Amino acid sequence: MRIYKVGGAVRDRLLGIPVTDIDRVVVGATTEEMLAKGFRPVGADFPVFLHPKTGEEYALARTERKSGRGYGGFTFHASPEVTLEEDLIRRDLTINAMAEDDQQNLTDPYHGQRDLEARILRHVSPAFAEDPLRVLRVARFAARYAGLGFTVAPETLELMRQLSQSGELQALTAERSWKEISRALMEDQPQVFIEVLRACDALKVLMPEVDALFGVPQPEAHHPEIDTGVHTLSVLEQAAKHKQPLTVRWACLLHDLGKGLTPEEEWPRHIAHEFKGLKLIKAVNERFKAPRDCQELALLVGEYHTHGHRALELKPSTLLELLQSFDVYRRPQRFEEFIAACEMDARGRKGLEERSYPQADYLRGAATAARSVAVQPLLEKGFKGPELGEAIKRERLKALKVYKEKA
Ligand code: ATP
Ligand code: MG
């Protein structure tokens, strides 16, 4: 049996960037031989094993054939006769279809190294079209390597477009899509992920609510970039620049969906877009079964981001409602993430990327003021049940009035 490193490990070593996980392919072996060597089998369908000591992945060389819609519609064929070249040809991109042995001898039948040097993301073979997930994967790699100058080959983008228009994207499960989306959002240039999906018509299919923002104008005074789609991309870009977590990035992507619903006669204003967008945010959340913290933050940011921007003008009672809506007393972290998303929204505007955002500290101070209200004295005064709740609210309101006067 011969063992090769494949995929990301080879690609990233040649790019000179740190290798995070190592995938290996085993040629000329049977399942029985692997088990006899102590490898542990994983996954029901794939002939993939974990190394008895290192826990790293070793997959038997295999070929694949499409036999139906979606991912379930694949038949795998793994046997000792499958060659390395046959295994590599089923892979998505040429830069992912290289292998190397222990001595770093490269096997590169599909010219991955050439494309690596030319900074091109190119599909390996027409079989690319057999798995629609590859549309998302390519967009994700584009987001990851945009900083190195990589772009998608025109013929690959064309294949992605055909896949998007064929209806195959709808066959993807929420779980597989979310895995790609969430990883892509955490890349250095997540806005490139959305741009590439849009360029191949996949965005229309996956997130029509986001796609609809392109071509929708906003008032130039607040939004020098004017276009709502362009703004959304800039907000994502800022979120990545400021190393925001996934929850914040997801909220950034969805915060303005309501603007896609504004009747053209009302452009460039978007009255009540915050509230109108909620049902769209909910739909996208549910479509991809986003984790609960991502779902929650996206809805809260959607509803309250304008409050964030107007923080310094808010009446103490409105400020209190805001803090209550966030349950800032028990969920301080979530409020911090809201503030971060608002700040990214403010910076994701043409020419305003470096502006200061005093609202952030003001909101933090307000939360601290409201949280500083002690419950014990109220208990001692004999308040209980709903009355206690009301008394706490009154005290918090007082604290916020004092805070606002001082600020
Ligand atoms: P990462 O650095 O994100 O791990 P990677 O290229 O190693 O990047 P993996 O998801 O670990 O990506 O997959 C390992 C290899 O398996 C890829 O490089 C690619 O060759 C192949 N591969 C994975 N998923 C697919 C797919 N859906 N279609 C085609 N090839 C795939
Ligand atoms: Mg990998």
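Every residue, even glycine, has its Cβ placed from backbone N, Cα and C.
Note that the structure is a prediction, hence the values are computed from the model and not measured.
Annotation source TrEMBL lists CTP binding site at Gly8, Arg11, Arg91, Arg137, Arg140. DSSP assigns Arg11 (CTP binding site) to a helix. Within its own chain, Arg11 (CTP binding site) has Ile95, Asn96, Met98, Gly112, Leu116 as residues 6 or more apart in sequence whose C-beta sits under 8 angstroms from its own.
Feature annotation from TrEMBL assigns ATP binding site to Gly8, Arg11, Arg91, Arg137, Arg140. In this view, Arg137 (CTP binding site) is surrounded by 18 other Cβ atoms within 10 Å of its Cβ, with every protein chain counted.
In the three-state DSSP assignment, the secondary structure recorded for Asp21 (Mg(2+) binding site) is coil. Annotation for Asp21 (Mg(2+) binding site): same-chain Cβ neighbours under 8 Å, separated by at least 6 residues, are Gly8, Ala9, Glu56, Glu57. Residues or ranges marked as Mg(2+) binding site in TrEMBL: Asp21, Asp23.
TrEMBL lists 228-329 with the feature domain 'HD'. If you average pLDDT over the domain 'HD' (228-329) in this model, you get 97.
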Reading the DSSP string in three states, the entry for Arg140 (CTP binding site) is helix
Counting only residues 6+ apart in the same chain, whose Cβ is under 8 Å from the Cβ of Asp23 (Mg(2+) binding site)?
Lys5, Val6, Gly7, Gly8, Ala9, Glu57, Ala59
When the Cβ positions of the binding-site residues Arg11, Arg91, Arg137, Arg140 are compared with the atoms of ligand 2, which fall under 6 Å?
none
Among Gly8, Asp21, Asp23, Arg91, Arg140, please name the binding-site residues whose Cβ is nearer than 6 Å to ligand 1.
Gly8, Asp21, Asp23, Arg91
